[in-house]
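Reading through the structure tokens given below for one structure.
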Number of protein chains: 2
Amino acid sequence: MEVRRGDGSVFRGVLMPKHETSHPDTVVIKLGNGYNIGVLVGEGDDIVVKGSLRPGTPGALVPLLEEPLQPAEERVYIIGAGGTIASRVDYETGAVKPYLDASELATTIPELQRYASIEAEQLFSILSEDMKPSMWEAIVDRAARVLEAGYDGVVVAHGTDTMAFTASALSFAFHKGLPSPVILTGSQRSSDRPSSDAAFNLTASVLAASRAPFAEVAVVMHGETGDTYALAHRGVRVKKMHSSRRDAFQSVNDKPLARIYPFEGRVEMLRDDYRRRGESGLEVDNGFEERVALVKHFPGLISEVIDALLDRGFKGIVVEGTGFGHVSSDAIKSIERARDQGVPIVITTQTVFGRVNLNVYSTGRKMLAAGAIPAGDMTSEAAYAKLSWILARTRELEVVRKMFQRNLAGEVSERHILRLYRHIGGV
Amino acid sequence: MEVRRGDGSVFRGVLMPKHETSHPDTVVIKLGNGYNIGVLVGEGDDIVVKGSLRPGTPGALVPLLEEPLQPAEERVYIIGAGGTIASRVDYETGAVKPYLDASELATTIPELQRYASIEAEQLFSILSEDMKPSMWEAIVDRAARVLEAGYDGVVVAHGTDTMAFTASALSFAFHKGLPSPVILTGSQRSSDRPSSDAAFNLTASVLAASRAPFAEVAVVMHGETGDTYALAHRGVRVKKMHSSRRDAFQSVNDKPLARIYPFEGRVEMLRDDYRRRGESGLEVDNGFEERVALVKHFPGLISEVIDALLDRGFKGIVVEGTGFGHVSSDAIKSIERARDQGVPIVITTQTVFGRVNLNVYSTGRKMLAAGAIPAGDMTSEAAYAKLSWILARTRELEVVRKMFQRNLAGEVSERHILRLYRHIGGV
């Protein structure tokens, strides 16, 4: 829309919902630069309406289009899997609930058509914290059928909270063969809020799905606080590192795949070692075991936690140990008990960065002797999804160990690159 | 020692152990700048030995002293509580074991006397992962007696893996009154390794204990990869963020207290809001409940984990939720069950940075209604220690809730400072 004021000034952008407390004669407009302004509209001013103007429209990325877009030739399919990107505020309770469906999302962001013609469907409508391994399977199935139908790429709109788990799960299910990108994206603010990052992330994701040279499972989210670029993180390497910032997602112990510039339509690769688009056919290996737990060491009774999970019949346990991956000495008997019951215990580290090494200290050596499986520099999210994927294929402990220690989807490196770590805290 | 070579060059530093594969006629010397070099010693060269030269001596910080130091007037007491800083390699098994005691540590680093006359004792000799709440109590008791005896500060040599938990615990035990600094420090490499950070961290810690203007519980560890400064992190705000790097410790959601320059003898405060030295008398409130668990949400059966811990009689549970702190909807009945049994459930976030907010989404509101206690922007380590400390005082659920939500030692902020976060992942 445009506001043409009597003094000759013109404000152009997308109409946004406004706070109940604002002046009744103002309109809130999201400008092309991403900022929202409130414009007081007087008697001598004109409001010119163009295009879709429903309140709740996610913020547009580019100044309002004068001409209808010529849709790009590429075809991208958006699978809605819930989360904030498809949520809006419930004005009765004030809380955010799942609401928009994927096709509504797509039609309210006409800029997506710059990079692909879009089809969309809502697979399910849940909040991120309710994601389960059985839903990973449903997403894999749907994405596989889409890729079989010849689409250039898939975008999964997903809650951000558990996105790293789902991205890892999809990476393992597709690691044997994937011809095109499968991009997970979401937003940190719901689509009907002026500050929503939904449009930016979705546009960057459609661009990556339609044109990026990599054929991998990746998470595409804001790469910095501004609206310059998104980062494409390898699905098995990504972690949500902040509860609310737009640039919450980071690659852990590894470099991201690419920078994605949604305004410029440009994909800048940051590494060479990726699976190329069209390099392999589609080979899906779907299926996840749900009875896997993820717990962490603490200075107390971690042995009792492991014992309790064994009592309840969990089939695999990932333990975030301390530092190099240690648990207390009195928990070694619980690791032995797990081995005797045929339950694999995988060890990651709660430091987030760095790697598990059970060969340095005496405790680690005892843990190895008791049967613990070290996860190297894998994230806890990737280790959890990997163990769940393996346990749906075999429960033979030695086979689990061998499969776990094989690098399937880039989730682990032999050598740790120390410089991929910087101080984030305060100074 | 010095090597004076026939060509007139002089290498001066501390003799270090060398690799078995190195040339038999080389000696490895740690220079004053912290670097190690190998010097080939030929027939025309002299080796001049001065001072302590046992292999295994932690690297000296300053060029070898020509004159014995005049010990400073301040008095600092070092309490040995195990960990890598007091470890060395067991040459039979190749693993690292606790070994050195605190007084041995102190005498092998004569530079400590620049900042204080040192007394030291070994309270216990364990690896970091074996730290328990009962040992927190023993450290608090010993530190309190030392402060009563009029020492200018206390240094606790501790394993790095669980240091953030212990630092938080000490912060709560001393939050009512502390006249002098209590500094926790450790090392990421054992003291007999050429690359050990033990001497640097211990010297910075003694400097902070004897002369820093703050009277708080703090962790003092390398602030960057070089040997320029250490950072003093508030005990309730620190987290080990890397398994092996020297600069692994970071302040989370808050600024560190100070930079400590051990070569220059300088303490640079980074904030104003700290308890001043001598501002308060000593008031100790010691005692921790051991039956507290720390677990995390994962996309599966977190409700079963909570149920299992309730079955086993845990008296409090900290759950690292996703993003703003959510757990899956089906776990809300487990939170209700905990409330009905009088067991507090505290919620932190597994994103590490940012804060819990259970008012934004419908799931969060249901969690609050079920009795969950949000931990704001507290670390999981601080939340765990705080709940353990509170449960040793009361098990009255509403009293626990009120005590938990009070800021006792700077562990929580009302407003989140978004800029205290940076992207570290590889780009």
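Our numbering is plain: 1 for the first residue shown, then up by one each step along the chain.
Cβ from N, Cα, C; glycine included.
Swiss-Prot lists B:Thr84 (among others) with the feature active site, giving sequence analysis as the kind of evidence.
Positions annotated as active site by Swiss-Prot: B:Thr160 (among others). Long-range C-beta contacts of B:Thr160 (active site), restricted to its own chain and to partners at least six residues apart, with a cutoff below 8 Å, comprise B:Gly83, B:Thr84, B:Ser128, B:Gly186, B:Ser187, B:Gln188, B:Met221, B:Lys240, B:Ala248, B:Phe249.
Swiss-Prot lists B:Asp161 (among others) with the feature active site. B:Asp161 (active site) carries neither a helix nor a strand DSSP state and counts as coil.
Here Swiss-Prot flags B:Lys240 (among others) as active site. Using a 10 Å Cβ-Cβ cutoff, B:Lys240 (active site) registers 29 neighbours.
Here Swiss-Prot flags B:74-407 as domain 'Asparaginase/glutaminase', drawing on sequence analysis.
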Just counting, how many other CB atoms are there within 10 A of the CB of B:Thr84 (active site)?
28
Please report the number of other Cβ atoms within 10 Å of the Cβ of B:Asp161 (active site).
30
